[in-house]
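J.: Pulled these features from Swiss-Prot for this protein:
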SITE      95  site 'May play a role in metal incorporation in vivo'
BINDING   96, 98, 102, 140  Fe(2+) binding site
BINDING   96, 98, 102, 140  Ni(2+) binding site
SITE      101  site 'May play a role in transmitting local conformational changes'
SITE      104  site 'Important to generate the dianion'
């Protein structure tokens, strides 16, 4: 279940608020410029190709490109048996920003976005059918868990703008990781 847990950065051991209602999640994130939505499920085979996935969601992707100016879309997928899963997980576990929006739609599986706003951290467990757009410049990090299992559509205005710029802050190491917040989901 999609879950938003809100932490105070000085009390990272306990969430102040936990929300599972999609409309409430949408409203809380929107207050910080983060777009959250849910798309209808599409029937896709487990081994669907990038082309099949993009075709299944062609209308939604085209709408985002038109409304938000995205130029390209691709599909990223990671499974627990990937030989570089640990390196991929580590790559985005530290707080960073991007010079363009980070947009992900979860075709299957799940992942945990942490969004740092002032003295609060919003931990959003995204699941199948969730769309999130993190505005450029937003301090955040992503945890796919020790046994990743997800497929996402990514949208870009400029893929070079998506390079992570790390903040050097240690806040990500003080918050509960995927293993704690996903609850074995």
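Each Cβ is built from the backbone N, Cα and C atoms, and glycine gets one as well.
Mind running through what each feature is packed against?
T.: Other C-beta atoms found within 10 angstroms of the C-beta of residue 95 (site 'May play a role in metal incorporation in vivo') number 21, with every protein chain shown included. Look at residue 95 (site 'May play a role in metal incorporation in vivo'): DSSP puts it in coil.
Every protein chain considered, the tally of other Cβ atoms within 10 Å of the Cβ of residue 140 (Fe(2+) binding site) stands at 25.
All chains included, 21 other C-beta atoms sit within 10 angstroms of the C-beta of residue 96 (Fe(2+) binding site).
According to its DSSP assignment, residue 101 (site 'May play a role in transmitting local conformational changes') is coil. Long-range Cβ contacts of residue 101 (site 'May play a role in transmitting local conformational changes') within its own chain (separation 6+, distance under 8 Å): 68, 133, 134, 135, 136, 157.
The Cβ of residue 104 (site 'Important to generate the dianion') has 20 other Cβ atoms within 10 Å, all protein chains considered.
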J.: Comparing the binding-site residues 98, 102, which residue's C-beta has the most other C-beta atoms within 10 angstroms in this structure?
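T.: Its Cβ has the most other Cβ atoms within 10 Å: 102.
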J.: Apart from 96, 98, 102, 140, which residues in this chain have a Cβ no more than 8 Å from the mean position of the Cβ atoms of those residues at the Ni(2+) site?
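T.: Counting only non-site residues, the set is 92, 97, 134, 138, 139, 141, 142, 164.
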J.: Whole-number Å only: compute the distance from the Cα of residue 104 (site 'Important to generate the dianion') to the Cα of residue 98 (Fe(2+) binding site).
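T.: Their Cα atoms are separated by 14 Å.
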